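What follows is one structure encoded as structure tokens, with my remarks underneath.
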Amino acid sequence: MGDSKKYISSDELKKHNKSEDLWISIQGKVYNVTDWAKEHPGGDVPLLNLAGQDVTDAFVAFHPGTAWQYLDRFFTGYYLGDFKVSEVSRDFRKLHSEFSKAGMFEKKGHGVIYSLCFVALLLFTCVYGVLCCDGFWIHMFSGGLLGLLWMQVAYLGHDSGHYQIMTTRGFNKFAQILTGNCLTGISIAWWKWTHNAHHISCNSLDYDPDLQHLPMLAVSSKLFHSLTSQFYGRKLTFDSVSRFFVSYQHITYYPVMCVARVNLYLQTILLLFSKRKVPDRAFNIFGIFVFWSWFPLLVSCLPNWNERVLFVLTSFCVCSVQHIQFTLNHFAANVYVGAPKGNDWFEKQTSGTIDITCSSWMDWFFGGLQFQLEHHLFPRLPRCHLRNISPVVRELCKKHNLPYRSLSFFEANVWTLRTLRAAALEARDFSNPIPKNLLWEAVNTHG
């Protein structure tokens, strides 16, 4: 090659794709991150999913500029001989650089302060309604406020997981435990584990945990082949139990969303008491203990069991709007089977996401995540900028002939129900063979 640099090919790089031998390439330089994967703040899953590939776009999207200075200690001395940058990636990196130079990743606005004040108001009103008022409907209204509080707290936890919303990393971690574990009962450690994998492998049926909901839901008939979840490390068995539930999923979709939090509570407990390495396990467990102290105590203050049950159901039903929103962003989008690739970052995000159109005065309600594509492309960008960059992203998609789907909340529901119904009808085709019914697998497959 006419210089003293040492080169390897992409095919040679692909051989280093295991946990005990994990290499990646960034900007054509090859790094050995085998040992670092265990310490990676984003977990080892994103690195394992992209092992043996050039990951420049993903690295740029998820890391601040200060992260580049730490790469040299992992440099193998090799360069990627056939390193190329597509026009789409070139434009994406240019746009990211422009946002960075404009200071947009650091300009977080006052949204966090407003959100914290709103959450405090909701919590005070809810507790006051339960403890100081006797009316049935006031108690149900308080339950609705609690559901709305959980929605707003989840957005804060989401923001704090993607970028620093507080003045220091210590305060940011405190905010994560407070908003996630203490107030919602859902572990921030569980969220990071699953959410980072979701971003990296957006809408991969076997790598993205956000699409692995058997036996209750299946967004594609490809799941009928009992794929192996690379995230959970177990087979997503499509047996007679799964066939039954999936056959009616377009009917049960909304009721399932109303009780979806129960699954999240279960997932949190399974992770925190598993043998997996969990960052800040003790703090996470303490936060969950706080939640399961105050929440049952608050419910017990209601006068009878009918009101207690209805209070919990009301809070779950209101919060289900958020669970529905998250599924609307992805269920009706394109799906694929296989590992994510590092060289089609922009294309995969546009293919696997759907935006929700709404007025600017409703941004608080959707937490900025109605701009799902913009968030997936620039996950570190504070939500206050997502509406402003939407036209730029739309034009970039148009330039490269890539999908930019933005639907009203009603339209997105229609698309999702249509997707679920199509899979349900295919599930009813009994000419499609299924494996032996294993009830244990059906109960224990989770996602």
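Including glycine, each Cβ sits where the backbone N, Cα and C put it.
Features of the protein shown, as given by TrEMBL:
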type	residues	note
DOMAIN	5-84	domain 'Cytochrome b5 heme-binding'
TRANSMEM	111-131	transmembrane segment
TRANSMEM	137-158	transmembrane segment
TRANSMEM	170-191	transmembrane segment
TRANSMEM	251-273	transmembrane segment
TRANSMEM	285-305	transmembrane segment
DSSP residue counts for the domain 'Cytochrome b5 heme-binding' (5-84), split into helix, strand and coil: 29 helix, 22 strand, 29 coil
Same-chain residues at least 6 beyond the ends of the transmembrane segment (285-305) whose Cβ lies under 8 Å from its Cβ atoms: 126-127, 130-131, 134, 139, 177-178, 180-185, 187-188, 268-269, 272, 311-312
Among 111-131, 137-158, 251-273, stretch most in contact with the transmembrane segment (170-191) (C-beta, under 8 angstroms): 137-158
Integer mean pLDDT for the domain 'Cytochrome b5 heme-binding' (5-84): 92
